[in-house]
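Enquirer: Below you'll find the structure I mean.
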Amino acid sequence: MAISFFTIVRSDVALARIEGHKMDAILKNFPASSQKQPRPTQQEAEDAVRVLLQWSGDDPEREGLLDTPKRVAKAYRELFSGYDLSAEEVLGRTFEEVSGYDDMVLVRDIPFFSHCEHHMLPIKGKATVAYLPQGRVLGLSKIARVIEIYGRRLQTQENLTAQIASAIDTTLKPRGVAVLIEAEHMCMEMRGVEKQGSQTLTTRFTGAFKTDAAEQARFFTMARNR
Ligand SMILES: Nc1nc2c(ncn2[C@@H]2O[C@H](COP(=O)(O)OP(=O)(O)OP(=O)(O)O)[C@@H](O)[C@H]2O)c(=O)[nH]1
Ligand SMILES: [Zn+2]
C-alpha cells in the first residue's frame, strides 16, 4: 500500500505544490523501491493525505477537512488490514470428524471489497469457492476470512483469485480447489473507459477441478444453480 501511495504523492506537480521541507519529511520513509519498507508513522500518513487533498484542488486547512487526514489514515488501516494477517494461520485450524464426507464443499457469492493496485480504486465483487475434501474440512467462515485477508490488500483480480486458491490448496491439501470471482472495478467505471456495470470473471482450478472436466462442470452448476 505504502509504495503505490508514494507513487501518487511523488508526482512532480504535487511536489511543486508543497513546501520542500515538508515533502522531504513525507518522502523519508517511502523510498522508490519495491522492497518491503517500514510502515510510516501516523503523522507521516496524515501528511501524505494532506498532500492528496491539495492535489485534488482543495484546502486541507479548511474546517471540514481538518480531521480528514486522521480519518483517512484510520480507514486505510481497516481497508488494507489484510497485510497484517496470514491466511496460513487462519486456515491452520481444520476438522476431521465429518463422517467421511468427501464430496464438494462450495460457498457461493461471498461478497468482498478490494482495491486495484493500479489506481487504488475499489473493486466490489463476490467470490464462489469450492474444494473437494481429503480427510479434513475447513470451518466455513475460514473461506470467507481468506477472501478478506487477500481482498484487503492492493490487488489485481487475477492475483486475488490465484492467492485464495493457492492458500486453501497448500494448507488443506484437498483433492481440488475451485475459485470463481465476479467483480466490478471502479477504475473502469468512475474514470478511464467509464464502462459502468461491466463485470470481470476470473477462475482458478487446482487438482481434480483442473484435470476432470466433469468436476469443473459440477462446480459451475452448483455455483450458478439458484
Ligand atoms: N488485468 C487486470 N487489469 C486491471 C485490474 N484492475 C485494473 N486493471 C487495468 O490496469 C490497466 C492499467 O493500465 P494503464 O494504461 O497503465 O493505466 P491507465 O492509463 O490509468 O489506463 P486506463 O484505465 O485505460 O485509463 C487498466 O487497463 C485497468 O483496467 C485487474 O484486476 N486485472
Ligand atoms: Zn484500477
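Note: Cβ is positioned from N, Cα and C throughout, glycine not excepted.
So TrEMBL says this about it:
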- 46-223: domain 'GTP cyclohydrolase I' (DOMAIN)
- Cys116, His119, Cys187: Zn(2+) binding site (BINDING)
Enquirer: Please work out the number of neighbouring Cβ atoms within 10 Å of the Cβ of Cys116 (Zn(2+) binding site), leaving out its own Cβ.
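Expert: Summing over all protein chains shown, Cys116 (Zn(2+) binding site) has 19 other Cβ atoms within 10 Å.
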Enquirer: Using an 8 Å cut-off from the Cβ centroid of Cys116, His119, Cys187, can you name the remaining same-chain residues around the Zn(2+) site, in sequence order?
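Expert: So the extra residues in range turn out to be His115, Glu117, His118, Met120, Leu121, Ile123, His185, Met186, Met188.
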Enquirer: Measure from the Cβ of His119 (Zn(2+) binding site) and count the other Cβ atoms within 10 Å, all protein chains considered.
Expert: 17
Enquirer: Within 10 Å of the Cβ of Cys187 (Zn(2+) binding site), how many other Cβ atoms can you find? Include all protein chains, please.
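Expert: Within a 10 Å radius of the Cβ of Cys187 (Zn(2+) binding site) lie 16 other Cβ atoms.
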